[in-house]
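Data block below; observations after.
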């Protein structure tokens, strides 16, 4: 999968961009606050129809403009496709090959990207909510079914929590309606837990191999999926559904008392176990960075495994956060097979023998030009 051509209009600090890219490594070089991250963000938005930096789409529109447009020509094994997003103050419109998509869910999955930014180095020690977002964003790209189940689960979770609050404050008393919401939540929750268990197991295997390679066999790594359902049941969605139903029944009184759902995949987490210890609590900073790198590289392998194609990789000023050994391992792992966009203020310090002939672009005050 490659991004061949990108067109921006009124996006962040870019009035207009129209450029083609190398199918291998593209380096965006420039001083801070010139628009390097904005350009990477636009590629991310083209793929996922949302920003990783803000939940307010209006921030993507250039100051004083009515709309922002992001358009790209993407090459896949199935052929070349034009993707386009128009972001206005009224909302978003998405097109594939100039055909408007009635739902954003029908647009997603046509262009897959993986972003690696400095904040991702903290994924192993960050919050469970951050790790769930990470899982959902990546797995949703790989599987329309996962994305659908996640969307449905969030809808019913919101409705159920609102109804639990009504029950708590005696504004409602119909427990039959609560049972209907609970059953829907258990059904979609079971699908999510089963999918997460399967994908995390595969991803863990990839990450374990990468961790061993980086550390020359000194460190073992595996993922420990933390969910309320017994591990022996997670491979069967019907058994997970039954288990969730039983847990909801046991917790119903407490849930009404607290006005929120206490059961379900919204409480999941993933622990990263290095040499039999939780690296977040017991690992050194070096081990945590190695683990974060292994996790991100495992994402690439998992996406290739699930979709049949490598995603596009976005490296936002992350090389400066890695020492020479980790930097070399990252660049060797992606060399020639993964189209990569990386931002930097200088080519100094980058392993030049690894990226001997990159396409270099100069970013300066919202303009982009070949260097």
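The first residue you see is number 1, and the count goes up from there.
Here the Cβ of each residue, glycine as well, is placed from N, Cα and C on the backbone.
According to Swiss-Prot, the protein has these features:
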- 30, 31, 32, 33, 34, 35, 36, 37: ATP binding site (BINDING)
Legend entry - In the chain carrying residue 31 (ATP binding site), residues 6 or more apart in sequence that have Cβ under 8 angstroms from it: 345, 364
Inset, instruction - Using the centroid of the Cβ atoms of 30, 31, 32, 33, 34, 35, 36, 37 as reference, list every other same-chain residue with Cβ within 8 Å of it (recorded ATP site), in sequence order. - result: 38, 343, 345, 363
Inset, instruction - Under 8 Å Cβ to Cβ from residue 37 (ATP binding site), same chain, six or more residues apart: give me those in sequence order, or none if nothing qualifies. - result: 53, 316, 317, 343
Legend entry - Intrachain C-beta neighbours of residue 35 (ATP binding site), sequence separation six or more, cut-off 8 angstroms: 12, 13, 14, 363, 365, 366, 367, 368
Inset, instruction - Give the residue from the binding-site residues 32, 34 that has the most other Cβ atoms within 10 Å of its Cβ, counting over every protein chain displayed. - result: 34
